[in-house]
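**Q** So TrEMBL says this about it:
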| type | residues | note |
| --- | --- | --- |
| REGION | 1-35 | region 'Disordered' |
| COMPBIAS | 14-26 | compositional bias 'Polar residues' |
| BINDING | Arg53, His54, Gly55, Glu56, Ser57, Val58, Ala59, Asn60, Arg105, Glu143, Gln144, Met145, Tyr146 | substrate binding site |
| ACT_SITE | His54 | active site, tele-phosphohistidine intermediate |
Amino acid sequence: HPVQMASEKEPRDGQQSPPQPQGTNEPIQPALLPCQPAAAGTPLAAGQLVLVRHGESVANANRELSGWQDSALTSQGEAQALCVARQLREANWSPELAFCSVLQRARRTCQIICCQLSPAATAGFEGRESPVCPIQTSWQLNEQMYGTLVGQANRRGVLSAWNDRPPPLARSDPLWPGHEAKYDGVPRDLLPESETCLEAFDRVRGYFAKAIAPQVLAGRRVLWVGHGGVFHSFVLRTVGQNVHFVNCQPYLLLLNRHGWPVGIESCF
């Protein structure tokens with residue numbers, strides 16, 4: 001059942017390079033990561049939710065805004081995904097279920113992590129779906145739609161307020177997502193020409209409430225591989241913390257027993 005989410009907190013104003021991956025094939029016994037309640041006496045959900053921003057994409061390497069543009073991982077991005085999988089394995093943690101957007105930088109990162117953390121993990125993973133951990137993809141977990149700003153330099157403060165709207169794409173523009181086969185099942189009126197930060201937050205929050213939070217409340221270990229912009233706004237607006245999400249740095253998002261985020265911690 002969808003989680004009934006309370007009113008969110010109002011937002012507040014406001015790299016290390018990961019170590020190189022080392023392949024490993026040993027089976028693991030899953031465990032819960034250690035965590036502290038966000039506040040003394042806060043009852044937490046039975047499961048755990050780990051957030052990982054996708055590995056470095058071509059757009060990241062070029063310092064460009066990508067949004068819904070389907071930018072692939074670089075070789076460094078694939079190495080980062082292997083690295084975070086190794087870190088989670090060393091912490092004796094593996095997901096029972098994973099979520100990611102339909103964008104290939106998130107999908108590929110998620111596939112690499114899940115495959116490396118499965119009992120049948122092989123260092124030679126070449127894009128197959130995880131044989132153990134189910135992966136659910138949704139366009140509703142996509143990055144913010146940046147409209148005609150896609151491909152432009154990613155400058156700090158270019159969209160500095162919740163309701164700043166990027167210039168919209170025309171629906172005739174080849175970059176509008178309605179022209180891509182991956183969105184064929186999505187009603188055309190739901191595919192944006194651009195989005196404010198608040199609109200992207202509402203889109204992600206809706207999917208989180210109906211699909212992700214119930215799994216954590218049911219006691220499952222859940223992995224969510226997503227995007228820096230929507231992760232930042234989601235955590236800022238729900239938890240009230242201004243977190244800069246580095247590529248493939250894992251975070252533990254703490255949920256209370258009603259499925260509402262109450263804190264966030266770096267896993268390592």
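Backbone N, Cα and C define each Cβ position, glycine as well.
Bear in mind that TrEMBL entries carry predicted annotations, made automatically and left uncurated.
Owing to the predicted nature of the structure, the values given are computational and were not obtained by experimental measurement.
Could you tell me the structural context for the features on the list?
**A** Neighbour list (His54 (active site, tele-phosphohistidine intermediate), Cβ cut-off 8 Å, at least 6 residues apart, same chain): Leu73, Gly77, Ala81, Cys100, Leu103, Arg105, Ala106, Arg108, Thr109, Val225, Gly226, His227, Asn247, Cys248.
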**Q** Taking 10 A as the limit, how many CB atoms besides its own sit near the CB of Arg53 (substrate binding site)?
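**A** A count of 28.
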**Q** Near Arg105 (substrate binding site), how many other Cβ atoms are within 10 Å of its Cβ?
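**A** Arg105 (substrate binding site): 30 neighbouring Cβ atoms within 10 Å.
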**Q** What's the number of neighbouring CB atoms sitting within 10 A of the CB on Gly55 (substrate binding site)?
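**A** Step by step: centre on the Cβ of Gly55 (substrate binding site), count other Cβ atoms within 10 Å, giving 28.
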